[in-house]
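> Relevant sequence annotations retrieved from Swiss-Prot are reproduced here:
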DNA_BIND  40-64  DNA-binding region
DNA_BIND  92-115  DNA-binding region
COMPBIAS  142-156  compositional bias 'Polar residues'
DOMAIN    65-119  domain 'HTH myb-type 2'
REGION    129-158  region 'Disordered'
């Protein structure tokens, strides 16, 4: 420990310089707790310390004062220091006032030792906290539009008729009513490839009398069609008696309905 003489009034007093001891820290804390942190110039002599007033003040503010944090500065505190330094510059006392538990001397030393070597800006800190907003991860406006715009399939009238009529069970299928809803061009000979055909609805063409479709009346021999549907569905029944019972009532029964 280096000793140095200092004149206090008319007397020369030896002053210790260097590392503080635990005994000196205890004396300083006891005196400040009892008398407050005022009049630092007269404090060393009253507290029994061979230190100058400035050394006592810095020791108290930077190390012994209640509420001082110990340990390394966290990453969040570093980010806050960088943001405040970009706004305030080297005004360490003001910066320390906005970071609880850290002193201006500690923040200044940490900045000069570690943070000043980094070329981080506020934009870099924002990208660091929100990696999803990085330009490399952002979608282009075209991709966003493609994802947000639903794909709609335009169906013509014929497709809608297929969807609504082919799902009906056989007893509810009214062929005459269905054919009356179709455009006339769909039943006329020489129709183009985009028009409907009867086999699109599960109706076998070979089972229907084609002579029944004429351009003058468009009548359909649907009784023959229903008879053919009845015998073709006979194989769906596990019990032939069940099938014959359905025929006795003159209706098309499904295996599920008969059970």
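Going from the start of the chain as shown, residues are counted 1 onward.
Every residue, even glycine, has its Cβ placed from backbone N, Cα and C.
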> For the DNA-binding region (92-115), report the average pLDDT of the model, please.
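Averaging the confidence scores along the DNA-binding region (92-115) gives 90.
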> With DSSP as the yardstick, break the DNA-binding region (92-115) down into helix, strand and coil residue counts.
17 helix, 0 strand, 7 coil
